[in-house]
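Asks: After the structure tokens below, expect a handful of questions from me.
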């Protein structure tokens, strides 16, 4: 900072503006022309600020903003001065060191303003700081002493627990999928859509040259050959076998007659087989003969061994496998468990010939199965889908297959494997040998199976789908579901003491719930259902076979093919979806002749299944409790189709319709079955209630066929009780109608003084007559002098009139015309023994349902007309008319007694008409046409 002494052209003071040292007139400092100081302006301003009123200095004209000293702007003076100080940049003088430094800094600032370089600089700084921090940590660890890393560091278990604590929802995806499962109307889970397995493409076998092979190895034993056809039939009947097909081989009754070699016989004896089962007796000769077969037998009957033993002989006759060859025998089954079980049987018997077997099923390792197939195996036990996958991936081929077996074929068709099964069969050479085995075989599925067989022999042991008689079935009925749980917990310890217990549940969710509840009761058990991993399923089944766990809770996935001899009790906690599944369920016990017990727990809502269960029990000669039968009777289809027990029903001899006592529940207030006092003791005269409704006959039949049509009161003077059968008082019938009004011949009843009808007829003058017309043909009662008349509304019998009707001018079948002397005709309304008119409750001597009854009219009984004094069923008892002779030559011709003519003095035998005539009968005359004018009668309630 320079000091200016003042002088011409220069101001006195420092370079920043100067101020007066001594009081007096202020002088403006004079700026040096040679140098420029930054303090000049500030100094000048400060000097002026300390002095009196502001004045405009002369040096303030260069490079500065002129200050506003107006009074109105005095308020903003300080702010503007501050702004002026801030806004004015510092510019050093040219060629000064400060200017040079300023220029160099501005150049540096221009380079630092690049944003990318600034960002990279920050990144590098942060990285440097991080590296330094890591180095510090490493130094701290190196300096630390006495610390074990294996304790301080996190091991696998701690890492797992930490992960589960941080992720509590890990592994819950499966449960969510289970909740999304859909169920059908029966409550069975609908399997989620899996990978669709396309069938194998078609193949043209004509382009492939197959080597010849032999498939008939059966040399019939001489003892079997010596049997006569009758003895063969008796042997099959003894074994409960039904064989159909072209020239089936004869059955063998022992292993020695099968022609097995010593190696196989040794293995069979080692497996503790003593005698072949019935299906083996017939199935082994058929399979060894090279014939295609359909084998149907109950569960546990030895079907597996029946096709494994001939298969081994079939394989040993062919040349050994070469590298790249496929199997010789293929066994296809529906489930993984059955696949593994058959595979173990094949290994057991196949080791006698060093034959290799491979199990190929879904859920197993694809790579391991493919490797085993490529190494070569004579026997492949598989499920359809996985075999197709391996064939498509060239892991194996079916060119050498000559022995093809479908076990549980109906189950595969039911599961939707029909196209896969057909494609597998179409890929095997056409001249193969094919065998189908199952416990049940429906007609539709059997037709599908016959399409892949050639001239098959069908072997049925027992009834198709019947239950095993070695299994004792016990049905328990409970009022509700919780009652089943109480019963199970109370009896389960008892069941486990006798052997392993298999509990079947329909739904997978119910199986898990039941298993959890039993575990809370401290029961050791296993769980098996379709959604479990294959390794878990294998582990559970293995433990159950080894008796490691005494109880297994399973769905129907374990219902087929599971062969565990230790199972002594099967409990159907939930009923099966159909009777075939029930048959397979209970077949898990009682295997190979062993005895077992199967419990089925029912509730009232299971009435639909109860009907099938009743028939299943009856087919297996099992006891059917009354409670179960009552529950089954709640099902309408079972109640309608159930056979009717009790005594057989007698035919309806009288006309159907009016004249029958009303059935209880169909209009009558009470049943008179227990009361032997007839209401006919009260009536005063005949009151037949037939109205003029001939044109409405069809409507009357439909509307009133099962209801009471008319009431009659006794025409007796002394109110005597009338019986239910006496031949003298025959009833008249309005043929074709619903009415049956009893009448009587006066002379006929007069001949029998013991009959109360005689007195009634004598008093009232009632002859017998026949009306074969409509309801309008109403009988009236002329004097006794009139012998009888017959009124035919039609030329012959009407639609309801049966053969042999004694009508005037028409001769009945087997006899002369019934015109004239008291022709009494009975017509049956219908020859159907089961018609609703026949099912009328009656009361008679026996008091039973089918005994004779007294109706509201003389002779209104079904089989007789007055007192019955004998044992004749159709009113053919001893009669008190003179010289009467009748013989029923029809025997069982009970429905053809409609047109019965009974006349005095005629004796005739007719098989159908049963015309009865007295010895005093007159010849056929035309006086039957002389119908007297009927007197007026009281109006009936049926008259329109």
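Even glycines carry a Cβ here, placed using N, Cα and C.
Because the structure is a prediction, the values reported are computed rather than measured.
Swiss-Prot lists 297, 298, 299, 300, 301, 302, 303, 304 with the feature ATP binding site, giving sequence analysis as the kind of evidence. Sequence annotations record features per position, and here Swiss-Prot assigns coiled coil to 120-157. Summarising the annotation, Swiss-Prot assigns compositional bias 'Gly residues' to 1-18, 815-824. Residues annotated as compositional bias 'Low complexity' in Swiss-Prot: 35-52, 723-737, 794-814. Residues or ranges marked as compositional bias 'Acidic residues' in Swiss-Prot: 70-84. Annotation comment: Swiss-Prot describes 131-149, 825-887, 901-926 as compositional bias 'Basic and acidic residues'. Annotation comment: Swiss-Prot describes 738-752 as compositional bias 'Polar residues'. The domain 'Helicase ATP-binding' annotation in Swiss-Prot covers 284-459. Residues or ranges marked as domain 'Helicase C-terminal' by Swiss-Prot on the basis of sequence analysis: 487-632. Per Swiss-Prot, the feature motif 'Q motif' maps to 253-281. The annotation motif 'DEAD box' is assigned in Swiss-Prot to 407-410.
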Asks: Would you mind checking how many other C-beta atoms are within 10 angstroms of the C-beta on residue 301 (ATP binding site)?
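Replies: Result for residue 301 (ATP binding site): 26 other Cβ atoms within 10 Å.
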Asks: In terms of DSSP three-state secondary structure, what is the assignment for residue 304 (ATP binding site)?
Replies: helix
Asks: Below 8 angstroms Cβ to Cβ, which residues of this chain, lying six or more residues outside the coiled coil (120-157), approach it?
Replies: none
Asks: For the binding-site residues listed here (300, 302), tell me which residue's CB has the most neighbouring CB atoms inside 10 Å.
Replies: 300
Asks: Just to confirm: which same-chain residues, 6+ apart in sequence, have a Cβ under 8 Å from the Cβ of residue 304 (ATP binding site)?
Replies: 341, 342, 345, 407, 437, 563
Asks: Within its own chain, what residues at least 6 apart in sequence put their Cβ under 8 Å from the Cβ of residue 303 (ATP binding site), listed in sequence order?
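Replies: Once residues fewer than 6 apart are set aside, residue 303 (ATP binding site) is near 279, 283, 295, 297, 407, 437, 438, 439.
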Asks: Roughly where does the motif 'Q motif' (253-281) sit in mean pLDDT, to the nearest integer?
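Replies: Mean pLDDT for the motif 'Q motif' (253-281): 88.
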Asks: Going by DSSP, is residue 297 (ATP binding site) part of a helix, a strand, or coil?
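Replies: Going by the DSSP assignment, residue 297 (ATP binding site) belongs to neither helix nor strand, so it counts as coil.
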Asks: Once the chains shown are all counted, how many other Cβ atoms turn up within 10 Å of the Cβ of residue 297 (ATP binding site)?
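Replies: Summing over all protein chains shown, residue 297 (ATP binding site) has 27 other Cβ atoms within 10 Å.
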